[in-house]
Amino acid sequence: MKDLRLKCNITSLICSPNSSMSSPRLIPSARMLHYLNQIEAINLDKDLFNQCSFSVEQLMELAGLSCASSILEVFPKAKHVLVVSGPGNNGGDGLVCARHLKIFGYQPEVYYPKPTSNTLYRNLIEQCKHFEIPIITSCPPLEDLNLKYSLVIDALFGFSFKPPVRQEFQEIMQKLYQTSTPCCSIDIPSGWDVETGPCGKEYLKPEMLISLTAPKICAKYFQGKYHYLAGRFIPPAIAIKYKLTYMSRYTSSFSYLNVGDIQDLNSGVQ
């Protein structure tokens, strides 16, 4: 009966009208959301692909657009942007985000340290080039990060990442640690463990975190100013399965949510 009441409660929520710290600590608002572990995050994606017939390209486009839209809300004046994209899906989200930021009037550049032969990512790079977005293949100096750009978007690693950082990414990671330019991380701050959060004494401290579809456990350790959810494409049955009670909080045509605006809709769901 308890499970049945819980399922009914979540269903009503989904279908109702849109109504520099040395050691990380859990944030108080972590109690207000259900966070996914790594296996849940992987399985949620599989469910979207296999049960709901979404394609990788489709979800990547929706996620990247949602990221760009939330960045526009938080950093409307940060016109010179460096997008640091990795070789996987998180990097693909970053490439899509860069294209939409260009459409929104920003001047993005993409640092792409490990090009891939995968057709999907090659197409995304070509699309960026057609939008006259410079693609950088050598690591920019720290001085450029500090002076040339007003925002860095971290799209290196996603929720499948397992520490430590590989050699080919260590140089850019060191500069992301050191730069004074604000950083926005897509889904997972790069270098963090998806469940245990920051690794070691030196770790990335983004000012903004955009959790895709649902926050992962490591987001409980996020200390920045802005935490957003992006990706308004979860069907009701999937939201019930993963206890995503906050899906009903999206309003109007917005595809993103400010986590700070989310109330504890059901304190019994964790």
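One is the number of the first residue shown, and numbering goes on along the chain from there.
Cβ from N, Cα, C; glycine included.
All chains included, 15 other C-beta atoms sit within 10 angstroms of the C-beta of Pro163 ((6S)-NADPHX binding site). For Asn89, Asn90, Gly91, Gly92, Asp93, Gly158, Phe159, Ser160, Phe161, Lys162, Pro163, Pro164, Asp187, the entry in TrEMBL reads (6S)-NADPHX binding site.
If you draw a 10 Å sphere around the CB of Ser190 (K(+) binding site), it holds 25 other CB atoms from the protein chains shown. Sequence annotations record features per position, and here TrEMBL assigns K(+) binding site to Asn90, Asp154, Ser190.
Among the features that TrEMBL reports, domain 'YjeF N-terminal' is placed at 41-246.
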* Could you give the Cα-Cα distance between Asn89 ((6S)-NADPHX binding site) and Asp154 (K(+) binding site), in whole Å? -> 13
* What Cα-Cα separation, expressed in whole Å, is found between Gly91 ((6S)-NADPHX binding site) and Asp154 (K(+) binding site)? -> 9
* Which one of these binding-site residues, Asn89, Asn90, has the sparsest Cβ neighbourhood, judged by other Cβ atoms within 10 angstroms? -> Asn89
* Structure fact -> Cβ neighbour count within 10 Å, max among the binding-site residues Phe159, Phe161, goes to Phe159
* **K(+) site shell beyond Asn90, Asp154, Ser190, criterion: Cβ within 8 Å of Cβ centroid** => Val84, Gly86, Gly91, Gly94, Ala155, Leu156, Phe157, Gly158, Ser185, Ile186, Asp187, Ile188, Pro189
